[in-house]
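Down below is the structure, laid out as structure tokens.
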Amino acid sequence: MKTLLIHAKHFEYEAREKALDAAESIDGNRSGSFENALVVFVTVEKGDGSSQDVVEEAAADVLDVFRRVGASRVVVYPYAHLSDDLADPEEAKRVLSQLAERISSAGVPVSRAPFGWYKRFSVECYGHPLSELSRTIKPGRRVRPGYADFAVMFPDGRIVGIEELRAEELPEDFVALLEAEVFKKKREGGEPKYLEYCRKFGFEWEPMSDLGHMRYGPEATIMLDAVAEYAWQCARSLGIPVYKVRGTNTFNLSFKPVAQHAQLFGDRLYQMEVDEKKLILRYAACHQQFAMVKDWEISYRDLPFGAFEVADSYRLEQPGELLLCFRLRKFYMPDLHVFCKDLAEAMEVSFRIHSKIYEEIRKLGRDYVSIYNLTRSFLEQHRDYLKRLVEMEGKPVLLHFVPEGKYYWVINVEYNIIDELGRPREIGTFQIDVGNAERFGITYVDENNTRRYPVIIHTAIIGSLERYVFAVLDTAAKKARAGEVPSLPLWLSPVQVRVIPHSSEYLKLADSIADKLEEQGIRVDVDDREESLAKRIRDAEVKWIPYVVVVGKREAESGKLTVRVRGQGQYEMSLEELVGRLVSELKGYPRVSAALPRYVSARPRYSP
């Protein structure tokens, strides 16, 4: 049996004509209209009638959901479209009748729509986390309803089962996370607007490579360089020594630690054979950093410390899952591993990482909803630690329980934004790894001159470079949807200031302004094209250039510049005031060179 349970604010149906010769008699039951009803769409499958367990299990499940959602009645609605393995009509009618009777015997009002009729129906779903559920119940197999692998932890330390949740105490974004991760609800499709913005800045698929591989045009490369530098800056801000390293992306499976670590990622690894050697492309920076750090002589006095690399990473994602700037087969991961003396030190360091991850997403005007993947034993032994993490978030988190000993980590936190289309998208992450130090032979010498295995934190504070860009562009898409002007942060904009002279007569003045701005590390260009002023201003707006400076006779005589600030308006200010404003806005962010010709007229035409 397959069931689809909808908690409906309003539900109505009307039987129109017979679909089967064995259709039930109407007998005044041609239509029905109900408020606050739990509507149970039921497909009876072959063999359901041979086992009373099926009816008992289905009824128990319906009654459980009925009580939790606070419905006023149950409507059993025959629905043949949830399975291809249909019971014969007589068996189906018998099972449906038994199901309704079993629910009714529990004192619950039940209505049953007629079997074997074409029916019109309309439903208005409440839309809370328990309002759309589906079940599969097989003969001879008792299936306990519920979601035993999940729970929710609140900032006050309460842990609540999924079935006990109340929608009114949950933030909207968290409900979206529950619907996707627990109830597997699919959001409506459609092309997200951020893809248009990807094309605008030169983030594209490379058609001459494998699926899932990108290319980055000049503007996209400036943005990616800025994000890479910023990721390094974030890593260094944690208050511990961090060493930047580099290495290879190819590892030999004949080495036991490489092979063991590779097994954790299954069929998502790129593999190749060269000179009769089986090689893999790295999944992240783990292989290289661990292979390197195992050769270091480490004292307990050196801990904690980090190793950092922006690693070209390779994951053989399914073709249907690929999404530009988000789910890729090749991407850049600013991977930080923090080596700690023990689990206690790792948990203490993780608070800094947790705080930094939230600080960075909030700089974009966004917030996360989190999934804590962990074992039940870790929950029981470290409940206070988890409570502190959740308190720092200030909102509930989803706990996902995994089998003991299956993974190299004891906790894996996934930080999700809810995108423009209402879907969770993981950006940042951290894990506490208790297995890889021993696997790779990484040790340190403790206070008693004993060699020990460190505990390792894996983290990508701002996510992969591409996913951070995704978060920025999705934020712009949300702004556009809200009727605001979409924009990039100033530090990330490929061109931060464009100077537009009224005519060639003022090109020298435009150049002198650009010189002053470049001295401050500001990316500036000059639109010297023989186009109308209006067209050049419009082109700057199309390219989302944050500051546009127009210079002509008035500006030359007055010493005041006419400055258009994207999304804010037009201002008059001196060059010194403009520089001061830009320097202030860029404080704390990296300065990356423009790598573009100053004159717009000197550039070839390409998509951005």
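Including glycine, each Cβ sits where the backbone N, Cα and C put it.
Per Swiss-Prot, the feature Zn(2+) binding site maps to Cys286, His337, His458. Close to Cys286 (Zn(2+) binding site) in the fold, though at least 6 residues off in sequence, lie His261, Asp335, His337, Asn436, His458, each with a CB less than 8 Å from its CB.
According to Swiss-Prot, the feature region 'Editing domain' maps to 1-145.
The region 'Catalytic' feature in Swiss-Prot is assigned to 192-489 (among others); the stated evidence is sequence analysis.
Look at Swiss-Prot and you will find 193-489 (among others) tagged as region 'Catalytic'. Computed over the region 'Catalytic' (193-489), the whole-number mean pLDDT of the model equals 95.
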Winner by Cβ contact number (other Cβ atoms within 10 Å) across the binding-site residues His337, His458: His337
Three-state composition of the region 'Editing domain' (1-145), taking helix and strand from DSSP: 37 helix, 55 strand, 53 coil
8 Å Cβ shell about Cys286, His337, His458 centroid, Zn(2+) site members excluded: Ala284, Ala285, Gln289, Phe290, Asp335, Leu336, Gln431, Asp433, Asn436, Ile456, Ile457, Thr459
